[in-house]
Amino acid sequence: MYAVGGINSRGRRQETSVVCLATSVNVQTNLNVSQYSTTAALLSPASEPIVPSDRIPASPSPALKTVRIEEASTCAVMSLHLSQCRQNYHQDSEAGINRQINMELYASYCYQSMGFYFERDDVALPGFSKFFKKLSSEEREHAEKLMSYQVKRGGRIVLQDIKKPERDEWGAGVDAMQVALQLEKSVNQSILDLHKLASSHEDAQMADYLEDFLEEQVRSIKEICDYITNLKRVGTGLGEYMFDKESLS
């Protein structure tokens, strides 16, 4: 809860509360009272209305109040009312969905990097390129589905910075598949934790919704494990080239 200063009809300073969710990055924001007089009037007591914006002094500094918003990863100034469709949707679940959106976008980012790496002329494995680009699209689709679910439950989407992939060179096909396997397991564990969180808050709808994601993660993990086994069997060089041509194209 933060206070925005204003001047009421009796010439006294009026404090108006603005509700803000918890966040993770420090943000410095300047709120001009003259620009927000309508919102301030709605939030302040009826007995002491706020002076119209054209009557608020343009200077000196009382017309400008600096509001510090702490921890900005999950925070925004909320509207005057919560979503009408929100029911049995815990704030921890809402924050967890936002974290999962970020993780899905990070996975998509990594797979996109892999896809174009294998398209390079000095790598030239189009089957691997196609496979990783498909994974990138799937992860991005998962993020969009979670965004839709967040809105459907009356939550608020708060996007965060997407971390860059830890590397730009992905080595041989088997090396990239090993990285993909660990990434899929990390995403799977994150969804499992989110499912557990939903269950702890007795949110059967969210738990049921996440189970489709878990089933897809299990299939992806098995598929990548099979590819790793066969790539180890055929080796690099000609074997990798034939695997790319016959199994991934």
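Cβ coordinates come from backbone N, Cα and C, glycine included.
The following features are taken from TrEMBL:
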- 87-235: domain 'Ferritin-like diiron' (DOMAIN)
- Glu104, Glu139, Glu184, Gln217: Fe cation 1 binding site (BINDING)
- His142: Fe cation 2 binding site (BINDING)
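Positions of TrEMBL features highlighted on the structure.
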{"residue": "Glu104", "record": "Fe cation 1 binding site", "DSSP class": "helix"}
{"residue": "Glu139", "record": "Fe cation 1 binding site", "DSSP class": "helix"}
{"residue": "Glu184", "record": "Fe cation 1 binding site", "DSSP class": "helix"}
{"residue": "Gln217", "record": "Fe cation 1 binding site", "DSSP class": "helix"}
Those residues of the chain, 6+ apart, with a Cβ under 8 Å from that of Gln217 (Fe cation 1 binding site): Glu184, Val187, Asn188, Ile191
Cβ-centroid neighbours of Fe cation 1 site Glu104, Glu139, Glu184, Gln217, 8 Å, sequence order: Met103, Ala107, Leu135, Glu138, His142, Leu183, Val187, Asn188, Phe213, Glu216, Ser220
Residues in the domain 'Ferritin-like diiron' (87-235) grouped by DSSP into helix, strand and remaining coil: 113 helix, 0 strand, 36 coil
Glu104 (Fe cation 1 binding site) CB neighbourhood, other CB atoms within 10 A: 24
Protein Cβ atoms within 10 Å of Glu184 (Fe cation 1 binding site), excluding its own: 23
Separation of alpha carbons, Glu104 (Fe cation 1 binding site) and His142 (Fe cation 2 binding site) (Å): 7
